[in-house]
Amino acid sequence: MNYLNNLNVFKRRRNISSTTDSSSAVSSPATPLPPTVDSAAGTSGAPSNGSGTPQRKKKKKKNRKRTISVVPISEVTEASLELWRTLPPKIRHDPSMVSFQQVELEHARLHGDCHEDSFPEIQGLEEDGAEDEEDDEEEEEDEEYENEFITINVTNEEGQNKEIGHVKEKKEIPKPHVHHLAGHYIGNITPPKHDDINDTGQNNLDEDHPFRKYSKIICLFITWLLIMSFMVVKDEKLVEPKHLSISPGKTKAYILPHLPQSTRIKVTLEGTFLSEPYSNITEHYLEVYLQMLSSTLEMNTTDTYSSSSAKNISDSWYIPIVHPYLFDSAPIVKEQRLFDIIDTNYEQLHQTNGGLVRLMIRSNIPASMPIAIRYDQSPVNRDVGVIYAAFVLIFLYVLIIWEIVHRTFAAVIASTLAISILAALNDRPTMEDIIGWIDVETILLLFSMMILVAILAETGIFDFLSVYIYKITNGKIWSLIHCLCLCTVLISSFLDNVTTVLLMAPITIRLCEVMDMNPVPILMAITVHANIGGTTTPVGDPPNIIITSNQYILKHGVTFLTFTAHMLVGVIIVVITTNIHLRIIYKNINHLRMHEPKELKELRRNIKVWERAAGKIPPYSKDANIVRETLMKKVKLLRHQYKKKMTKGTVPEDIYRSTLEELQREHPIKNRPLLIKSGIVCVFIVSLFFLESIPELRRLSSGWAALLGVVLLLIISDKNDMDAVLSRVEWPTLLFFAAMFTLMEAVERMGLIDWIGHATETIILSVSEDLRLAVAIIIILWISALTSAFVDSIPVTAMMVKIVVALSEKAYLGLPLQPMVWALAFGPCLGGNGTLVGASANVICAGIAEQHGYRFSFMDYFKLGFPIMLVSVLVTTGYLIMAHVVFAWH
């Protein structure tokens, strides 16, 4: 049929109002005119009656004005109209198909076969009751059509996925109930990425794969056998001290009772020595070296020997000593040296009958000097020990990354393996040594703060603060995240990172449960900011305490104010870049949600329906392309709406208001007297923390300060049920730290930390003098950061402090101290963000999350933390280079 005449008639009637007298219409007088339609702009309007248009119709009118039709009415042909009629009702009735609807309406009126329910968007003047009935019918048709394309995945009781296609009826699936802001997590909602995790926090892969289960048991059993064999065969090494008196002007000789078992001898001396930074202020030295004797001497105290029977087999070791007048008041200092015996001398020593080795000691002071000496004739071969240390660390990370066992058990196994390797290398430590390796101060601090937070939770303060933060952020997800991160940075600047995480993690979990968000990424974000904020002040992080407590650094102008001033600028820059990084990573706000909102699911379903409808139209003719272009235009509009809602991240206003009112009503402060007492104790503990940073008032360590505060709180709160309080302590976390301290000391004893330090110093000394400061900053920053990501930051910082001081003391290098100190302060603190075991706060946060029913693995944290660590260290490098190399701020 030819539609040209009909279209010309319809064009003349386009701009006529629907209230015009029916006699001017071309169609039947009894048929109402269509609404005014602008085909170019794709808008349609409905006139307002005398009594006013209902609000629902006004909203529909507003939405239709936004619809853009890409096909003018003049281009709608007979063939394209036939294709349009084959589309489902939902697509045919959509406002974006207005051109086809108008042509179909005109055709129906001209031939007297108008079906009003075929194009409700054009005929918008029906009565409300009829319109509601029509909407119901349309929804049924839409549902029937959508079910042709939707495949539903369901999970049976055995955990197997089944596909159900061509669903004929849709049933509402109830969501699991979550009791928000409870003392702990309640419900069946778990992070989407951890569906294979059981209630104990362990991975169910072992039960699903018997081969993996039994291979794990076999490997761990073999490891146990190795540990057992080494520990049974080798005994503890006991090196007894010997006390000597060095006479003035004479050389004291001490013959070693046994020949060295290797080409190295480790000698440890204790006496009134000067530490290395002050070696240039004295002229008194103690000289120590090794000699080889070709015949046995009858007495160890002989002071003169034939030069033909003795041969020096090592270099001389010069130790600065204090003035003789200070022998009675100077502190005892321990010095240690590893003497290397030349291979030819070692072979000659063992081939000579009656050959001996003696230790020669003499001083240039006019007084007798007492010393204590320890010598180890079979020390650990550092070249081999470094390899074993690297193997132990790799073994630990394999256990943790692939979650073969719990991280606490992995640390226990790795630390025990490291001790057994030391035994195999003839350097098995005593139980007293191992206990001394554990940092009791840190364990005591963690234990005390866990009890403090457990008591604070009883007051309801965490729920109250969660509601307050929810109120000031107006239900906006990114405002909430930024607020939490900023609070974490500010608190961590003055409290240690562990305390900060213990305070912020419960608040974060409760807020995420309120907003139906996955707490795992938010918890990792606040942990990252806790480590960043701890960089700001000397009391914010343990590495900073180690740096600022060094006497040499303190005497060169590194005070509390100068430290904070130089670090604050860099911290601000790092916080900004980190938040930008988080916005990029979580650009899709659904990655932060526990469930996808219903409106997004509906949009995604509509996009699929329209795309498949367009895909069914073959693009072989111009008529088909007209319909296809119209459908794809609608797809583009739906995609834009989906993207906008996907990145918006805001709770609907009505839900926000109702939720806020409910939360404020249900979660007030539960125990105000206990809250006041807890607040007083918190102020007391924080005050002691600040007093510790003042050398003149330093009496109590952080661990003692926290313990005394907790004891005071238990007294004034009259707590009788200690079982309930102690049950909230993360005992696996405390055991993990004890095992990690032991492992790090064993690795250091194998020589890994010293190897890293010597490599760093060698690289710095290898460049030209004009580039030496820039290279020193880069090397110190990156080496300490990367090492701290995989090794605990405390031994790394202790090692790097010695390197920084040694480089500063060498005048011919021309390296200023302060820029290297700032680089060292940034490195371990930012490097702790790299892995889950890089910082204490990371492990504490993981433990708290697991206690509340959420769990993130090593790799989950690594995917977020390691890129952030690299970017933050890169930005800090640029800041330090600009501040101290270009502008010489120091």
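Cβ coordinates come from backbone N, Cα and C, glycine included.
In TrEMBL, annotation is done automatically, which means it is predicted and not curated.
Small disclaimer: the values here were computed from a predicted structure and weren't measured.
Look at TrEMBL and you will find 15-68 (among others) tagged as region 'Disordered'.
Annotation comment: TrEMBL describes 17-30 as compositional bias 'Low complexity'.
Per TrEMBL, compositional bias 'Polar residues' is recorded for 41-54.
Taken from TrEMBL, the feature compositional bias 'Basic residues' applies to 55-67.
Taken from TrEMBL, the feature region 'Disordered' covers 126-147 (among others).
The transmembrane segment feature in TrEMBL is assigned to 384-402 (among others).
Summarising the annotation, TrEMBL assigns domain 'Citrate transporter-like' to 397-827. Confidence for the domain 'Citrate transporter-like' (397-827), expressed as mean pLDDT, is 85.
Taken from TrEMBL, the feature transmembrane segment covers 408-425 (among others).
Same-chain residues lying 6 or more positions outside the transmembrane segment (437-457) and placing a CB less than 8 Å from one of its CB atoms are 183, 429, 496, 498-499, 502-503, 506, 542, 674-675, 678, 681-682, 685, 701-704, 706-707, 709-710, 713-714, 717, 719, 725-726, 728-730, 733-734, 737-738, 741-742, 745-746, 794, 840, 844. The transmembrane segment annotation in TrEMBL covers 437-457 (among others).
Within its own chain, the transmembrane segment (477-499) is flanked in space by residues 445-446, 449, 469-470, 507-508, 511, 515, 517, 522, 525-526, 529-534, 536-537, 539-542, 571, 575, 578-579, 582-583, 589, 592, 649-651, 686, 689-690, 702, 706, 839-841, 844, which lie at least six positions past its ends and keep a Cβ under 8 Å from the stretch. Marked as transmembrane segment by TrEMBL: 477-499 (among others).
If one looks beyond the transmembrane segment (560-586) by at least 6 residues along the same chain, the residues whose Cβ comes under 8 Å of a Cβ in the stretch are 478, 481-482, 485-486, 489, 521, 525, 528-529, 532-533, 535-538, 544, 548, 592, 693, 818, 822, 825-826, 830, 864, 867-868, 871-872, 875-876, 879-880, 883, 889. Annotated transmembrane segment per TrEMBL: 560-586 (among others), in sequence order.
Among the features that TrEMBL reports, transmembrane segment is placed at 674-694 (among others).
Long-range contacts of the transmembrane segment (700-717) within the same chain: residues 440-445, 447-449, 451-452, 455, 496, 499, 674, 677-678, 681-682, 684-685, 688-689, 691-692, 725, each at least 6 residues beyond the stretch ends and with a Cβ under 8 Å from a Cβ of the stretch. Among the features that TrEMBL reports, transmembrane segment is placed at 700-717 (among others).
According to TrEMBL, the transmembrane segment annotation covers 771-791 (among others).
According to TrEMBL, the feature transmembrane segment maps to 864-889 (among others).
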#### Entry: Intrachain neighbours beyond the transmembrane segment (674-694), with Cβ under 8 angstroms and 6 or more residues off its ends
452, 455-456, 458-461, 494-496, 538-539, 548, 560, 700-702, 705-706, 708-710, 712-713, 716-717
